[in-house]
Each structure stands twice: as C-alpha cells, then as structure tokens.
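Copied over from TrEMBL:
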TRANSMEM  21-40  transmembrane segment
TRANSMEM  56-74  transmembrane segment
TRANSMEM  86-106  transmembrane segment
TRANSMEM  112-132  transmembrane segment
TRANSMEM  144-165  transmembrane segment
TRANSMEM  185-206  transmembrane segment
TRANSMEM  265-285  transmembrane segment
TRANSMEM  297-316  transmembrane segment
TRANSMEM  328-347  transmembrane segment
TRANSMEM  353-377  transmembrane segment
TRANSMEM  389-412  transmembrane segment
Amino acid sequence: MTIANGGAAPTRLEGKSSAKVVCWILGFGSLVSWSSMLTIEDYYYNLFPRYHPSRVLTLVYQPFALGTMALLAYNEAKIDTRKRNLAGYILFCASTFLLIVLDLATSGRGGIVPYIGICVIVGALGVADAHVQGGMIGDLSFMCPEFIQSFLGGLGASGALISALRLMTKAAFDKSAGGERKGAMLFLGISTFLEFLCIILYAFFFPKLSIVKHYRTKAALEGSKTVLADLAVVGIQTQQSREVDDTKQQERLSNKQLFFQNIDYALELFLIYVLTLSIFPGFLFENTGKHKLGSSWYPLVLIAMYNVWDFISRYIPLVKCLRLPRKGLMVGVLARFLLIPAFYFTAKYGDQGWMIMLTSFLGVSNGYLTVSILTNAPKGYKGPEQNALGNLLVLCVLGGIFVGVALDWLWLIGKKRF
C-alpha cells in the first residue's frame, strides 16, 4: 500500500491539543441526547406516571443499541468509519429534534400514543449510539490514548453538565406555569444544537488535523480500510494492490482471537455496566423513598451527583500513581457488587446523606474503571486490530447495559406499582 495523489502523510504531529478538545466535544455529543432524556424524566413522570419512564425508555433504548452494535462490530473491517460516525451524529440530531416536534404536536399531553412515539424516537437514539460510540472508540483506539480519554471525559461531562443545567432550569421555572415543560424543551433544543456542532466538527475539522492524518495514514498502511474515506477528504489517497491487502488482512488477528486475548477487559466492562444500570437511573427515580429534598428534587440531585463524580473520575487515570494494574481492575470491578446490598439497606433504613454518598461512589468507580480499561486495552496492536478491539469492547459495554437495565426491574418486585 502506498500514499499517492500529492497527499503525503504529515511528518509533524501538530494539533494534538486541538484534537483532544474536538474529541472531548465529540464525546459530549455522543451522550448529550440521552443524558437530556434522563434528566427530564421528572417531566415524563408527570406526563406518564403509570408507565415507568426511567425504566421503560432505557429498556427500549438498549436492544436497538446492542443489536446495531453487534452487526457493526461483526462487519467493522468493511465499514467506512467516516460514514458510520456521521450517520450516528446526524441520527442523534434528527431524533432529538423530533422529540421537540412530538411534544409541540401533542401540546405536552400524556397518553399512550405520545408515549409510543417517544419510545420509537428513543429506539432511533439507541441506533445512533451504536454507530457513534463503537465507531469513535474504534477510530481513536489506533491513535494516542489521550484521545480516547478525552472522548470518554466528554462523554462523562455530558451527564454532569446537563444535570447541573437541569437543576438550574428547574429552580428557575419551578413555580412558573408549565415550568417543567419549558425546561425540558430547553434541554432538547440545546442537545439538538450540540449534535449539529458534532457533525460539523467531525466532517470538516477533525480529519484535517496533522496528528489525525498521521495516525489514519499509519492505520491504512497497516491494512485498515475503515480510514480511507477520511484520508480521501484531506487529499491523501491510497493505492492498494489486492495481493498486499489480502496479506495484511491475513496478518491481523481475527475478532475471535482479539476477544479471547482481552477476555478479562471484556468481562470487566460487561460487569461494570451490569451493576451501574441495575441501579442507575431506575432505582434512583423509583426506589429511594421520600426525603427532605422532596420527590421531584431528590432523584435529580442523585442523578447529578452520579454524573458529576463519573465525569471527575474519568481524569483520575491521568495520574500514573493512581492507575490500577491489569489484575487489580478485576478486583475493583467485583468489589463494586457490594453496592447492591448497600443501596438496598440505605434506601430502607438510611437517610439522604448516605444515599448521595453511595450514588457518588457508583459514579466514581464507573468512570474510573471504564477509562482505565478502554485506554489500556488497545496497546500493542496494529491499527486494524485496535479498531476491531474498540468495537468489541463497546459491544461488551452495551451488553452489560442491556442486562443491567433488565435486572433493574427486580427492584420493583413486591411493590404495588410493579
């Protein structure tokens, strides 16, 4: 494989700081729509009090995300990453805007028909999630680890900043007529704009950075087909002979080999999100009882605390002395399961201070362990293998989320509202 058409691979790796900022924004955009959905669920609980919005919408979201991700991970070597990521961000933008349109069309009324409409749009958000998270993490896996860390940091920031903004808008609109609806529409409008910004940045700015061109050119020379469209956009063309390409494909490890070489990382990510989603957000909205903050404020505060500490903890692995060794990660993952009885007894006997502390620890451990695994796993592999491994690990994350969301319903056993 050779580089041709006057577009030589850059020799100076400039633009690293700019790339990290863009990765952060792209990570923010990959979850901002869903974060907005989670933080306005107090509004949806008023519209649809009998339909368990926090649990049902999450359960609708995940099968679409998991099924789409499974197909994309299986065919990742043949899929154009540029088209995949752009399709995901465009679908995020369109789906979020449609939530606004649906609310305006129904004048903010409840009922089964609007609820089904929201569920359909949430399914589309799940499809977009699979396109973007798997595509971006796969794409960034063959670049420097700081890019994945920045992307995951932005992903965590979406929950933290949206939660903070939600608390401010709730305070501002709480006593006004239709205050919750105004706050919800404001959130969805901001999310739509941010998704549009991600489309522009990924399509026109990110591919032109010298350091990004360098890593993508390197991946192409190692046999990756997924980066060719991004290289073509900036004038770097690759001339491949079929024999060389076939040889490169034979040299790379298969998805099965990559999975079994990293089965500990895969299992850890699966278990992390099984636990997290068995508690967040359903348990926090419906099973924490009534406290001094009030039934409308208390869940929002808990969601905010989880999101803030999840965001902060994603930067802890930047400090070398605070990184866990590979064997230590599994110990940390398994130790988190002690949170299940802790949440149960705190909800039954504890006060709000203990619940806020537990929720904060849930966020800290989730963010820290996720970043530690996803930044370490791709090391030592070639570009096409790193892309494939990134997709496989995201598939494990979504699998864990799906199982966790299903298990979250067990908290309702014995409840009158089940």
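Yeah, the Cβs are placed from backbone N, Cα and C, and that goes for glycine too.
Counting Cβ pairs closer than 8 Å and at least 6 residues apart in sequence, the transmembrane segment (328-347) and the transmembrane segment (112-132) reach fewer than three and form no contact. For the transmembrane segment (265-285), the partner stretch with the highest count of Cβ pairs under 8 angstroms, out of 56-74, 112-132, 144-165, 353-377, 389-412, is 389-412. Using a Cβ-Cβ cut-off under 8 Å and counting only residues 6 or more beyond its ends in the same chain, the transmembrane segment (56-74) has close neighbours at 34, 37, 41, 44, 84, 118-119, 122-127, 129-131, 133-135, 255, 277, 281-282, 388, 391-392, 394-395, 398-399, 401-402, 405-406, 408-409. The stretch from 21-40, 86-106, 185-206, 297-316, 353-377 that makes the most Cβ contacts under 8 Å with the transmembrane segment (144-165) is 21-40. The largest share of C-beta pairs under 8 angstroms with the transmembrane segment (353-377) comes from 297-316, of the ranges 21-40, 86-106, 185-206, 297-316. Taking Cβ pairs closer than 8 Å, the transmembrane segment (185-206) reaches residues 19, 22, 25-26, 28-30, 32-33, 36, 39-40, 85-86, 89-90, 92-93, 96-97, 99-100, 103, 162, 165-166, 169, 212 in its own chain, all 6 or more past its ends.
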